[in-house]
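**Q** Sharing a structure with you now.
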Amino acid sequence: QNEEKWDFVLVSDIHEMGSEKEIKRKKFLDELSKKGFTIKKIEDTKLFYGVRAPQHIFWKYQCLLTNPNSRQQNSSAYQDVPVTTRIRVVHFILQNTVTSDLEKLHDLMKKKVFEAAFPLHKKEEIREILKKKWARWRVLFKEQPIEEIRCYFGEKVALYFAWLGWYTYLLIFAALAGLATVAAGATVFSSSQVSKEICDANNTIMCPLCDQNCSFWVLSDTCTYAKVTHMIDNEATVVFAMFMAIWATVFLELWKRERANVATSWDLYGWDEEEEELALQLINNSQHEPRPYQHSYFRSTIVLILALLMIMVLIGIAHALVIYRAVAMALFTQSEVNLLSKHADIVAVMTGAVLHYITIVIMTKVNWHVALFLCDLEKPRTFSQRENSFTVKIFLFQFFTNFSSLIYIAFFLGRINGHPGHYVRIAGHWRLEECHPSGCITDLFIQMAVIMVLKQTISNIMEYLIPLISHQLRKKKKRPKKRNLMLGEEEEAEDPCKRQWLNNYELNEVNIFSLFNEYLEIVIQYSFTTIFVAAFPLAPLLALINNVIEIHMDAIKMMRLRRRMVPRKAKDIGIWLQVLEAIGILAVIGNGLVIAITSDFIPVQVYKYMYSPCMRENHTSMDCSTGYINNSLSVFHIQDFEPHTKVLPEFKGQQIKECRYRDYRNADDYTYTVQFWHIFAARLAFLILFEHVALCVKLIAAWYIPDVPQKVKNKILMEKHSNLRNELSTTEYSTEV
């Protein structure tokens, strides 16, 4: 039985004898044979080469990497190497074996000498356990078998699932808080004075929304919109934003503890990636010289400039979306179709969000190539260094791709468009969009909702269906029909390996970025869940639903639809932790800005405590925000419209002399009023206060929850102590002898 255990399978097309490809293939296989590898060839529609490494390679590996105090034991301890380690070592040697033409497997695959190289999914007990307990839809809410995942896919994959599971578990609390916020908005704050005033404003005539043939309109038309806005934009949101800032910190701190537990139980505390790589290089080639560390300021500068250029391009795309919305708004308002012209603003926002989603999909592909190119410019020393530098770049690009138009809606929309009679225009023609009279936060809410729902549903469906369909297609394509035997002719017995190798070959291929993609998707989702959460309190709930499905979808993909990943060792989630910490800080700034700038929270408070009737007379029974809407609208005289504006001066049969618009300006010369500067100061003060308080609370939480549990610290302490004690006793023994 032992004879048939193969570590790796190489697949190649059947080349003609004596062709260049055939000679290259033979050279490579000869190099492997020199290293003592056993090679088995099976011919089908392709050529399959099974590869098994000699035992002495793993003995060397254990010798180099076991801790010193276990080296005294005899060599019988060297028998058993875990399968994941076997695959990892063999994969490294295959990738780094050089032929006499100085070509590696990577180069040969580019030249189509080999088509694929992969480890096998074998019929092992552990695989059956994983299929039963993990890779099926029935176990949706059960705990994941992390230990088994580690034994089958290696530490890196197991840590990803441990982290994703932990994040999903903690999302429950965030989702409940978000639901509570929305519920509070729908019940406690639904009868708010502000939205009541908008609904009662039958006589407040507002300035037209476009330049040509737009009529005046009455504020009470936007009654429902105002109610929706007030569901999100109320006092509860401020508390919720604060809660989410703390939640992000607590999540990371608790994850660090969880990770420390995992790392000690897997005996990874002393493990060092660099040492592992050096050991593998020496096993592969005992003459190997390590590549020294290098750093070039010139290269770094070039990379920095190019990265900044790319970010500029991404911000430019966000500007293009803004222009689209301004133009679309103008065209929709003048449209013949009644439905379009009536709801022009909502249609423009919706189509804008869908366009934004499409640019996200396209730019993701572009970002990928740019980040890889920048990585190659840097010439990182090791694979893990390359991975880290790639992670940071792709995250930055993806962040700007996903968020630049949200940042515009949150902080610039309606703040830079001038006022009636003096609008800011694109190319001197189209007016920039304005916020809705009941506040800008609803625009942000719609944009976030559309992107999150689209991104998660479409991405998930594609992520599952594409591998499924391509697997089915490969199956159909690869099966040759060989069932026409002559009478009395015996069919030769089929090699038992053949079916297994073919089945594995028919699965979808994996690459080094397969796991990376999963991380990136969840980290971008984490940004959506924390950064603008004040505008979209349901984000954690959507993320929670998505993740529960995502875990099992990834599991099914890895077990049933993809070839086996090459197991990799790791003791944490790597640079992603720093990325998550950066997002945590951005979340504090982002939510502070949303409440200070986007929401109407501050203007209402300023009005209540400085300008409301409560301040002038002692009305205890009265709601202090009475009159807020009238106060927040400025007056504009019709005769001051720009000459090319065609406005119908009649409205419902009456001549109109003046209209209202949302701003704090004087009626005579349209300069800012004192109240505008009061509100501006209050916004700044709130922002500074909110951010400092939230960051202090984050720091306190980080200090309060230790990164490493006491249990783990004590375990390491005891191990160090007993090791030193053993050393001491052996030294004393040898001196006595």
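Backbone N, Cα and C atoms are what each Cβ position is placed from, and that goes for glycine too.
Quick paste of what TrEMBL says about this protein:
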type	residues	note
DOMAIN	84-146	domain 'Anoctamin dimerisation'
DOMAIN	149-716	domain 'Anoctamin transmembrane'
TRANSMEM	157-186	transmembrane segment
TRANSMEM	236-255	transmembrane segment
TRANSMEM	301-326	transmembrane segment
TRANSMEM	346-374	transmembrane segment
TRANSMEM	394-413	transmembrane segment
TRANSMEM	523-552	transmembrane segment
TRANSMEM	573-597	transmembrane segment
TRANSMEM	680-705	transmembrane segment
**Q** With Cβ distances under 8 Å as the criterion, find the stretch in 236-255, 301-326, 394-413, 523-552 that has the most pairs with the transmembrane segment (157-186).
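**A** Out of the listed stretches, 523-552 contacts the transmembrane segment (157-186) most.
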**Q** Can you check how the pLDDT averages out over the domain 'Anoctamin dimerisation' (84-146)?
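**A** Mean pLDDT across the domain 'Anoctamin dimerisation' (84-146) comes out at 88.
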**Q** Take the transmembrane segment (573-597) and find every residue of the same chain, 6 or more past its ends, with a Cβ under 8 Å from one of its Cβ atoms.
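**A** Tertiary neighbours of the transmembrane segment (573-597) are 159-160, 163, 237-238, 241, 244-245, 248-249, 252, 255-256, 259, 384, 387-388, 391-392, 395, 410-411, 415, 441, 444, 519, 523, 526-527, 530-535, 683-684, 686-687, 690-691, 694-695, 698.
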**Q** Is it true that the transmembrane segment (523-552) and the transmembrane segment (301-326) have 3 or more Cβ pairs under 8 Å, skipping pairs fewer than 6 apart in sequence?
**A** no
**Q** Give residue numbers and ranges for long-range contacts of the transmembrane segment (394-413): same chain, 6 or more residues beyond its ends, CB-CB under 8 A.
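**A** Distant contacts of the transmembrane segment (394-413): 307, 310-311, 314-315, 317-319, 321-322, 352, 356, 359-360, 363-364, 367-368, 370-371, 433-435, 440, 443-444, 447-448, 451, 520, 523-524, 527-528, 531-532, 535, 579, 590, 593-594, 597-598.
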**Q** State the residues, same chain only, that lie 6 or more residues beyond the ends of the transmembrane segment (301-326) and have a CB under 8 A from a CB inside it; answer 'none' if no residue qualifies.
**A** 348-349, 352, 355-356, 359, 363, 367, 370, 374, 377-378, 393, 396-397, 400-401, 404-405, 407-408, 426, 430-433
**Q** Count up the helix, strand and coil residues in the domain 'Anoctamin dimerisation' (84-146) according to DSSP, in that order.
**A** 32 helix, 3 strand, 28 coil
